[in-house]
Amino acid sequence: MASHLRPPSPLLVRVYKSGPRVRRKLESYFQSSKSSGGGECTVSTQEHEAPGTFRVEFSERAAKERVLKKGEHQILVDEKPVPIFLVPTENSIKKNTRPQISSLTQSQAETPSGDMHQHEGHIPNAVDSCLQKIFLTVTADLNCNLFSKEQRAYITTLCPSIRKMEGHDGIEKVCGDFQDIERIHQFLSEQFLESEQKQQFSPSMTERKPLSQQERDSCISPSEPETKAEQKSNYFEVPLPYFEYFKYICPDKINSIEKRFGVNIEIQESSPNMVCLDFTSSRSGDLEAARESFASEFQKNTEPLKQECVSLADSKQANKFKQELNHQFTKLLIKEKGGELTLLGTQDDISAAKQKISEAFVKIPVKLFAANYMMNVIEVDSAHYKLLETELLQEISEIEKRYDICSKVSEKGQKTCILFESKDRQVDLSVHAYASFIDAFQHASCQLMREVLLLKSLGKERKHLHQTKFADDFRKRHPNVHFVLNQESMTLTGLPNHLAKAKQYVLKGGGMSSLAGKKLKEGHETPMDIDSDDSKAASPPLKGSVSSEASELDKKEKGICVICMDTISNKKVLPKCKHEFCAPCINKAMSYKPICPTCQTSYGIQKGNQPEGSMVFTVSRDSLPGYESFGTIVITYSMKAGIQTEEHPNPGKRYPGIQRTAYLPDNKEGRKVLKLLYRAFDQKLIFTVGYSRVLGVSDVITWNDIHHKTSRFGGPEMYGYPDPSYLKRVKEELKAKGIE
């Protein structure tokens, strides 16, 4: 092709990025009829026009018109969507700089009617579309001195989707998209010109000529009622999404208006994303009342509308999600296309629906990272585990249900290994399972008791206790109780319910005295001290010789560290609760979590690696299931994008910002939890940075191990209400971090 030949339909486009790679992506995009609607074309840079400007030259005019008709375009650059803005060429701008209706006295001869202009009729819409993207909303103050209250009131009929601000003298300010403001400006200009003409000319000269069909088709604002012999006609345009929503919410309203006022309403698409409603009636019909009725109903139902799009990770389930949401949100218009849901409705409904999608239907992965390591197995002393086994197996079963994981318990030498693995590939809550198990293990360890049975009073009967048969029988009958036998006493260690049965079994021979043990969590000199007061309550009064022997045992008995379950060495006493541990054991435990493993007393202020962001809340009158007498506290977290630090998994890498919403009942306990959450947020404990299995990407912001209710409904399995124990649980989670 000769270079001087110019393709018939050039088009300028603008993106926020530039360079050869972007040019190639644009060329590939506009050559794809499936992606853009375009066809054979070439793309060249136009940096002299403005940064990021490219010229697309289509071989066929039809390809260009298909691109313009589609309206919105975008390409992927570095796996991120980049919008494409369509800019008309210089010739197109010159053709369309003239107003659509130059004046009220415009003659039919002045109306463009050539074929070329008909072909280029989409270009103004492309301009409008581009402008609407630049100006999401435009606010205009009206000059009330120029127009009557009635003229200004007609604005809502002209543009039903406009938002108005009224004063004592009617509408004073309007707010809407750029196209609506243009319509209002044109209408008021016509009204002003009419009034000027009435003052300058006779009534016979001010009569308005009927608009030609072409003028009517190109006119944005509604025409004035046009009187004919048998019929009068009027129409206006509204945005297509808003009209679809209106028909969805009020399916019979159009028919009702037609019957009530004796009119006919013809509906057709007038331009991309716009709908024309043509009101016609016979002389007996009330056309103006019908228009006003429709405008009032339309504005009432569409004024608070917002529209948002949600892309789903699994496009096959998009239709299923749409059906589920349609059942729950009857006033939300939901459209599905190619795995993307378009939500049109009030902001509250959209927010609630997005939460359902993100937190319920598509489970959000929550992964916790401890400092510089990721837990994948727990090892405990096998002898210690045996003492707690029945209690821990129940807890493991609860953990499996709570976090949708499976567990595996195995012995390796003197150690018992506990492994948790997620059942769901898209959500991994195993770290929560490990944390819950550690808490349960420490709690159960604190319930262990030791009891010393003195054998002296048994005389010869105690010989059978030293036989192998007794030891084998005891271990078989009481596998969860550890016993140590010497010449003077038998020491039993286990949980209280197991210990009572084992003690009864040993004492069947009679005549054997007992010294009741104490719980490990009591704060005396050593965790395993013998409590003589409990001893007296548990058995008949002992003779002096027995008491003196117990005193000797007190002196010989050494403290046991509940972390390693061995004799305490290099003892360290915690200052608040006075519990004692091996110094290396407690130092290591404190490095993971600065709390006492025995009583959960906090030591020091925990600081997390939460990214920068904000936390705000509002109060809604709507109640939560289970808290019908109270309103709802709505918490909004807005976390900023940033760069990971040394505290995060991949220092130096960027992470995107997110917004999350959580709900609490607006009662005394809920407000208490709100204050605690604010403290946790200040200590950077609410969020962390990790890996999202749903998105398939790393380096994103995820929840930390303080659980939130991110849905109003659905119960615990949907992260919602009712959940009677939630507030208690979250306070315990906060307490474990030193926040109470």
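Placement of Cβ uses the backbone N, Cα and C atoms for every residue, glycine included.
Remember, predicted model here, so these are calculated numbers, not experimental data.
Swiss-Prot marks one residue of Ser256, Ser284, Ser532 with the annotation phosphoserine, and that residue is Ser532. Taking Ser271, Ser539 one by one, Swiss-Prot attaches phosphoserine to Ser539. The region 'Disordered' annotation in Swiss-Prot falls on one of the ranges 20-47, 524-551, namely 524-551. DSSP assignment over the zinc finger (561-600) gives 10 helix, 8 strand, 22 coil. Confidence over the zinc finger (561-600), given as mean pLDDT on the 0 to 100 scale, stands at 84.
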